Each structure stands twice: as C-alpha cells, then as structure tokens.
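According to TrEMBL:
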BINDING   Arg100, Gly123, Asp144, Leu199  S-adenosyl-L-methionine binding site
BINDING   Glu200, Glu203, His204  Mg(2+) binding site
Amino acid sequence: MASKLVFTRLQTLTRPSLKVLSQLPQFILPKISPEIHTRQYSDLPQPPSVDTVAAPSVVSSSNVKSSLNENELRKFSAIAETWWDADGPFKPLHVMNPTRLAFIRKDPNCTRPFEGLKFVDVGCGGGILSEPLARMGATVTGVDAVEKNIKIARLHADLDSLTSSIDYRCTTAEADVITIVWTEKLVEEQMQYDAVISLEVIEHVAEPAEFCKSLSALTSSGGATIISTINRSMRAYATAIVVAEYVLHWLPRGTHQWSSFLTPEELVLILQRASISVQEMAGFVYDPLTGHWSLSDDISVNFIAFGTKKG
C-alpha cells in the first residue's frame, strides 16, 4: 500500500545522498544499493529554525530479548522536565533541530510536505521532533519508554491546535516486548508507518540489532526508516564526549558512552539485516563561529541515514 507512490514521495524527503557512501568498504556497497545518488552538502544554506529531536527508548519483558537499557531510561527520566528548555540539557538538540529537519523534509518551500503520511517518532522524548512533523502535515505517533517524557510531550502539544492531534504513547517500538495486549493491538490496527524516525536514540539502547528489527517491523513496505546517531570514532569521543560534556558542559556528564556508538558501516549492516536498504547518509557539522549546524559530507562524528523497507 505504501509501495510505489509512497516510496517516490519518501525518496524526496531527504536531499540527495553523499559521495561519502562511496567511501564505505566495497564489500558493503553492492549490498546497500546499486543506485545510490551523490551530492555534496557543504554549500547548503542554513535552514529556517523549527523544532527537533529525540531521547531514550524501550521497555522490557522477562521472556523476550529487548533493546532496553534501564540505566539510560533512568538517566533521561531525571531530566525529563527540561525537554522544552532551550537553554537546558537538551539545548544541543534544539540547536541541531533545523538541520535534522532539513534532511527529513522534501521541500523547504512547502509548508506541509508530509500531508497524508503516517510517521512514528520512536524515542520521541518531549516531542521536539514530533511537533514540527505534525505542523508539516504528518499524522504523528510519538513513542517513548519514559513516562515523564510522554507527559511533558502531551502537555506541550496541547498548547497548539496543530500539534494536539499527536498520538503519544508510553511504550516501546518493540511489538513483541511491550505486552501481549499491545502486540495484539499492533496487529489488529495494522500499525505500520510511511516513515519511522528515530533520532539520537540507538546509541542509548542495549541491543541495536533488535531495536532496528523493531523499527523495520513498523515500517510499511517501501516506506522510510531514518536514524541519526554518533560515529564510534576518536574524533567523536573528543568532541561529543570530552568537549561537549566535560569542557563546554553542553550535555550532562555521562550522557553518552563511546562504546555504545555505531560506525556508519555497522549501522548499514544492521539495517540491511533488518530488511532496510540504506539509500542516503549525511553528516552534521557544527560551526563554533556561527553556532549553527549544517549538513555535510563529513560523517566522522554525527551522522544520519535514510533507508527504505524492502518489499
């Protein structure tokens, strides 16, 4: 149902992909896509400011393997009330917001480019990404395992008629881990989405492969899966942890664990095994002089991937 029409529309949600994909190991490339397009991002203008993005994930079950990381849930629960404080712990996400949306949206000149499409924001946190997606026309479901996050998200969404329709749910992406009742409800409602988005979440889950399988299960055939995360590189350790957490105090200390980061190659393979074919990838780079983020060919620290569900 999401087949060719939705695939055509979702292909254009992201800007053309990077030549950096051609730098991935050759044993990976043929398995990704024979028709990966390339274009550099270095000269893209800074997009207009909107809201953006994510937090932790998942709940568990005693008899099913889960991507749950209990420590991460407690960590984000402790700062849940600050989601909409632009100068609080989530300030870096607010600042990066316009650039993430520039990668996701298909037309910067169209006010409602996602009209008629169903999106799910997995690890929605306080709704920083869910709200702009709703304003751009998408029917949005926001999913998070931290109850405080969902309460904050609902309260904030209700302040605006354009976002009050967001369906926030305190649960996980994993249909088989939530509860039997929730699993039956997923099947009964045929809950699949034209786009499944999970930004800055996968580095906080315990089982990335299981998590990606869950995202794939929620993605309709031909639909889009979009994930952003941090590369497991020494440069990322220096900037995303040492500088951001310990020097500049942009984030609370301990927000990230370097060992939990994934390389682009690892993410491509994990998604491939979950029936998601990566089509595009971009990096995010920060300019300390302007205080702005921009899309880039450089995926050595922050990066975002766009894939499609195999039919």
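Each residue, glycine too, has its Cβ placed from N, Cα and C.
Whatever TrEMBL says is automated annotation, not expert-curated.
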What is the one among the binding-site residues Asp144, Glu200, Glu203 whose Cβ has the most other Cβ atoms less than or equal to 10 Å away? Asp144
Among Arg100, Gly123, Asp144, these being the binding-site residues, pick the one whose CA is nearest to that of Glu200 (Mg(2+) binding site). Gly123
Arg100, Leu199, His204 as binding-site residues, winner by CB count within 10 A: Arg100
CA pair Asp144 (S-adenosyl-L-methionine binding site) / Glu203 (Mg(2+) binding site), Å rounded to integer, equals 15
Would you mind checking how many other C-beta atoms are within 10 angstroms of the C-beta on Gly123 (S-adenosyl-L-methionine binding site)? 30
Can you give me the Cα-Cα distance between His204 (Mg(2+) binding site) and Arg100 (S-adenosyl-L-methionine binding site) in Å, rounded to a whole number? 19
If you measure Arg100 (S-adenosyl-L-methionine binding site) to Glu203 (Mg(2+) binding site) at Cα, how many Å is it? 17
Over all pairs within Arg100, Gly123, Asp144, Leu199, the annotated S-adenosyl-L-methionine binders, what is the largest Cα to Cα distance, rounded to whole Å? 19
Rounded to an integer, what is the Cα-Cα distance in Å between Glu203 (Mg(2+) binding site) and Gly123 (S-adenosyl-L-methionine binding site)? 11
